[in-house]
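A.B. asks: Straight from Swiss-Prot, here's the annotation block:
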- 121: active site (ACT_SITE)
- 22, 120: Mg(2+) binding site (BINDING)
- 18-202: domain 'UmuC' (DOMAIN)
- 27: site 'Substrate discrimination' (SITE)
């Protein structure tokens, strides 16, 4: 007689008060503040593709440009195609960093438990706070008011008992919204979310989810833990808990990032050096954008490759100076390392490539390195 598997109940800690603060179109809003005429024009924060030979990626866009379908991480040339009247503004990262620091000083007036995610977003644990404000909603409103008063910028906030739900909530009423998800409301909130909203479910996982009939949180909830782990491994284990409202990750206010990198897996496997170089170029762009967003640079570049037969090679190159955050440079070094390490296992194809920077330090005027090429300005 077959025995049914009884799954243990998931522990859910609802004692915390977590706020996810997400600045609204941060870089574009700063430029609108500095240049009020931009407020009524489609504004794209990126190098103008008409001046770069079509190169470049959109950092962000204002809400006017978004109505044309322009969004972050889009090729700048595609943004121009969608919106020929767009104003392209080269990112001014020193200014954005300065404003971000100003906003973080406001956060510190309320709590020391702050986990920065990027220039424009952070988690705050306000379970106990310096102002002794019992209501997290009241505290979120005060944060919004103080940020507006000091910077003339708006932010949206999500409030809940864990980081996962708070981040989902912050996206609900943009711009300038406040959304709270109470413990008793978490389950219906999560069940109606599209599966794409669950962290870890990316472009490659979505089709597999859809093939299994998983399109919403409710569909995900209906899956057994065993089935999710069989299909998705560690991600399945995590998703089983997330859709049940469980996320015990702390707000890492002492966290210091030790590396920044990106990996891609391939199916079918890569079979030629040309394919490898094409994907290294794309990965290098993502890493450069992430390094710039986190305002870090590093001294060591690491290339990771995994062959079709699962043999994995990791090779690093360390430099005496910080490497400029330049995608072309990351690509060049990664290609050089690849040529050094590639061997007969290449006959089985390549299933994974990754580029990582380590030996990180904050970008600062005293250790900035000038671009190698004049066109990089």
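Here the Cβ of each residue, glycine as well, is placed from N, Cα and C on the backbone.
Values in this document were obtained by computation on a predicted structure and should not be read as measured data.
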A.B. asks: Indicate whether residue 22 (Mg(2+) binding site) is helix, strand or coil by DSSP.
C.D. replies: strand
A.B. asks: To the nearest whole angstrom, state the Cα distance for the pair residue 22 (Mg(2+) binding site) and the residue listed as 'active site'.
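C.D. replies: One finds 4 Å between the Cα atoms of these residues.
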A.B. asks: To the nearest whole angstrom, state the Cα distance for the pair residue 121 (active site) and residue 27 (site 'Substrate discrimination').
C.D. replies: 12
A.B. asks: Fewest other CB within 10 angstroms, which one of the recorded positions 22, 120, 121?
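C.D. replies: Looking at the recorded positions 22, 120, 121, the Cβ with the fewest others within 10 Å is that of 121.
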A.B. asks: Compile a sequence-ordered list of residues in the same chain as residue 27 (site 'Substrate discrimination'), six or more apart from it, whose Cβ lies below 8 A from its Cβ; state 'none' when nothing qualifies.
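C.D. replies: Result: 45, 59, 60, 91, 92, 96, 119, 120.
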A.B. asks: Based on DSSP, name the secondary structure state of residue 120 (Mg(2+) binding site): helix, strand or coil.
C.D. replies: coil
A.B. asks: Any idea what the model's mean pLDDT is for the domain 'UmuC' (18-202)?
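C.D. replies: Mean pLDDT, the domain 'UmuC' (18-202): 95.
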